[in-house]
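Here is what Swiss-Prot records for this protein:
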type    : residues               : note
BINDING : His111, His115, His121 : Zn(2+) binding site
Amino acid sequence: MLELDLQLASDGQHPDEAQLRRWCELALRQRTADSELTIRLVDEEEGRELNRTWRHKDYATNVLSFPAEIPDGILDIPLLGDLVICVPVLEREAAEQGKTLEAHWAHLVIHGCLHLLGYDHIEEDEALEMEELERQLLAELGHPDPYAGDE
């Protein structure tokens, strides 16, 4: 079971909670434990402030992942972590990259959830593993390869 806390702090258009939940559940299906996570949708000002505070980068980014560092078993429902999605950045990227909003939303939610599971893309081999998993999950949803233009 996934307990999802959706926080809306942006006026931008966004998928409904059921759609966000579907993408999260797909990305998290390898996890057998119940999970709780928060998705906070923010504007550029808050996105920039969070990115500056936590990553020391002075710009708004598309998605930030904050994994919980609480061992399973302490809480009734294991807290997986928080995703912060900057809606204006997501919308701008989708337009610039020629992607549908739905496909880009799905990609960033899945990407963020994989980070909460411990996947990363700092080292090339880890990036290849994470990107391949993203491709597979998005293909299940009928969305194209989000990295097709990067090669």
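Just so you know, glycine gets a Cβ as well, placed from its N, Cα and C.
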If you skip the near sequence neighbours and keep only those at least six away, which residues in the chain come within under 8 angstroms of His115 (Zn(2+) binding site), Cβ to Cβ?
Ser65, Pro67
Tell me the coarse DSSP state (helix, strand, coil) of His121 (Zn(2+) binding site).
coil
If you take the centroid of the Cβ atoms of His111, His115, His121, the listed Zn(2+) site, which other residues of that chain have their Cβ within 8 Å of it?
Val63, Ser65, Gly112, Leu114, Tyr119, Asp120, Met130, Glu134
Position of peak Cβ density within 10 Å, selected from the binding-site residues His111, His121:
His111
Quick one: what's DSSP say for His115 (Zn(2+) binding site), helix, strand or coil?
helix
